[in-house]
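Annotation comment: TrEMBL describes ASP13, SER14, TYR45, GLY46, ASN77, THR78, THR185, HIS186 as substrate binding site. TrEMBL lists CYS76, CYS184 with the feature active site, proton donor/acceptor.
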Amino acid sequence: MNFQKNNKIGLFDSGVGGLSVFVEVKKLLPDMEYFFLADQAHVPYGRKTQKELQDLSARIVKFLLKSDIGILVVACNTATCYALDYLRQVFKIPIIGVVPALKPAAKLTKNNKIAVMSTPATAKSTYLKNLAKKFAKDKEVMLLGCKGLEDAVETLDRKTIKTLLDEYTKDVRDFGADTVVLGCTHYPFLKTEIKIRVGSGIQILDSGRAIAKRTSQLLKDREGRTKSKAIETFYTTGNPQKFSQIASQLLKYKVNSQFARI
Ligand code: DGL
């Protein structure tokens with residue numbers, strides 16, 4: 001496939017979290033055609049093995065390629081950590097992964113203490129550890145695996161979100177970080193609630209904007225642009241009614257989704 005002539009953008013995540021990346025990409029590229037897939041039949045990815053994640057991710061890419069996507073955004077930190085290299089070996093289209101914003105965090109921190117909130121799987125990944133070594137070796141970095149938080153965002157279970165955020169942000173405060181990196185794409189939807197708990201002086205970074213810029217760079221010619229506004233197709237491997245309901249709340253407009261068999 002000649003991706004130069006085909007700039008439809010595919011994105012995927014284990015669930016609704018990847019929508020936080022989609023929002024940023026769409027802000028920068030409002031006139032493109034988007035295909036977003038939430039693999040809710042297999043959420044959370046944090047409990048899968050690397051082999052399972054590679055297999056699921058490859059099946060998703062094959063599915064999205066049927067819609068002629070010319071560029072793929074892996075809108076999931078966990079899938080990026082465990083499957084990005086594999087996907088790049090197998091598929092020839094440009095693939096952008098979500099990397100936790102440790103590099104900018106290392107530049108911004110004043111007290112040299114950075115907390116990375118992510119799924120437990122991302123927290124213990126070699127990928128993230130190498131990233132910390134590469135970009136923040138002279139900093140103290142706390143890799144905080146926030147078990148259950150992405151599940152709670154999946155269902156917008158407010159009570160559980162509150163309980164878990166109280167617990168995890170206490171860890172961040174006790175550690176004394178002045179910079180917090182959101183290393184799971186579900187968490188930007190909780191940014192305000194995290195900010196309230198860690199305090200307004202703490203900087204909170206996510207990767208959405210950087211992913212959007214990278215996507216935009218790769219689509220310089222923008223051949224796939226639509227006449228005016230974005231065309232969006234949402235798929236879930238889970239329940240489309242449930243996905244549409246939660247996605248509509250997160251995106252603040254009515255979302256319709258379709259079932260996808262990957
Ligand atoms: N949004 C995914 C991430 O960025 C969550 C992964 C999961 O389902 O565990 O890591």
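Each residue, glycine too, has its Cβ placed from N, Cα and C.
Here the features listed in TrEMBL are placed on the structure.
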residue	record	Cβ within 10 Å
ASP13	substrate binding site	31
SER14	substrate binding site	30
TYR45	substrate binding site	27
GLY46	substrate binding site	25
CYS76	active site, proton donor/acceptor	33
ASN77	substrate binding site	35
THR78	substrate binding site	30
CYS184	active site, proton donor/acceptor	32
THR185	substrate binding site	34
HIS186	substrate binding site	29
Residue pair ASP13 (substrate binding site), CYS76 (active site, proton donor/acceptor) - Cα distance, angstrom, rounded:
5
Please give the greatest C-alpha separation between any two of the substrate-binding residues ASP13, SER14, TYR45, GLY46, ASN77, THR78, THR185, HIS186, in angstrom, as a whole number.
12
Could you measure between SER14 (substrate binding site) and CYS184 (active site, proton donor/acceptor) for me? Cα positions, answer in whole angstrom.
11
In the same chain, which residues outside the set ASP13, SER14, TYR45, GLY46, ASN77, THR78, THR185, HIS186 have their CB within 8 A of the centroid of the CB atoms that define the substrate site?
GLY15, GLY17, GLY18, VAL43, PRO44, CYS76, ALA79, THR119, THR122, GLU150, CYS184
